[in-house]
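Student: Mind looking over this structure? Questions follow.
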């Protein structure tokens with residue numbers, strides 16, 4: 001009996017060590033130590049919790065702590081991540097967002113359910129709820145002034161190339177009508193205070209406008225997210241006919257590089273530092289009095305190193321403004337220096353790394369055109 005167990009454990013380790021099984025099949029996290037005995041995939045602890053919630057589809061076991069029998073190990077050996085992914089991920093639309101282990105729970109859960117439970121990607125040309133080019137429905141939207149979430153009708157149209165929302169179900173005219181190419185969408189469950197919270201941003205008069213929404217159904221809000229990506233993809237295919245699918249895919253919705261609180265001072269650098277919420281959206285650095293503000297109080301363009309931009313730890317000697325946080329950083333631009341302080345050294349290092357990643361990238365022609373944002377006032 002002991003010899004049989006040793007043989008099974010050895011066979012399990014051999015399958016586990018295959019290169020194809022070195023990353024979680026669902027989120028890509030390295031060194032997964034769980035597996036589904038019914039699907040044949042190797043997954044991480046976090047994804048195993050999602051699998052456990054769909055027991056009719058997937059039964060998960062620890063590769064380190066649980067007992068595996070011979071039949072189960074043979075099943076893993078016959079399948080594994082490569083074979084199973086080839087089956088369940090055979091026809092993923094190019095625009096569909098495939099989450100990683102850094103993404104929020106609702107994105108990862110709906111990705112896993114879409115693959116294994118709903119089998120959305122197993123057949124070519126399958127009609128999907130986010131691929132029609134039009135989507136209409138109710139989302140709970142946060143009011144700009146009163147802060148309450150109220151149900152609002154939203155309409156997304158590929159034919160019109162826009163997203164609209166209406167304050168009343170029977171309203172003839174939309175409250176907003178936004179071109180699809182200036183929209184970004186990113187999940188913000190912590191900021192919004194709802195596990196299905198989605199932040200939709202768009203440019204209005206060259207300033208960023210935020211809309212915060214959620215839906216009770218995780219599937220529905222992720223369908224909205226992918227519907228936006230679908231409409232954007234097809235719109236950009238027409239606008240940039242020679243661009244490759246991957247080039248266009250990289251221009252769809254994006255996560256912010258970093259968000260969080262810092263203190264800032266004004267342009268004279270003698271004013272008291274004030275605590276503000278900052279969002280770094282690639283080359284746009286925006287700040288808000290409150291994380292859920294509809295409009296930024298100021299924006300600044302962050303260019304590239306070859307164009308005279310840099311980031312430095314610390315504040316210039318002789319800085320006069322009063323500040324309560326002592327981990328400073330300075331953004332140097334061709335026109336002026338921007339001074340900030342962080343609460344902890346870890347925050348300071350994270351912000352410096354985020355700014356450095358942007359500054360070290362060469363600017364595109366489109367980003368040169370956006371450089372006018374440097375003229376936007378950065379006042380308290």
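Every residue, even glycine, has its Cβ placed from backbone N, Cα and C.
Pasting the relevant annotations from TrEMBL:
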| type | residues | note |
| --- | --- | --- |
| DOMAIN | 6-129 | domain 'Arf-GAP' |
| DOMAIN | 132-233 | domain 'PH' |
| DOMAIN | 255-360 | domain 'PH' |
Student: Could you give me three numbers for the domain 'Arf-GAP' (6-129), the DSSP helix, strand and coil residue counts?
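Tutor: Within the domain 'Arf-GAP' (6-129) the tally stands at 53 helix, 10 strand, 61 coil.
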Student: So, by DSSP, how many helix, strand and coil residues make up the domain 'PH' (255-360)?
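Tutor: Within the domain 'PH' (255-360) the tally stands at 18 helix, 41 strand, 47 coil.
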Student: Any idea what the model's mean pLDDT is for the domain 'Arf-GAP' (6-129)?
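Tutor: The answer is 94, the mean pLDDT of the model over that range.
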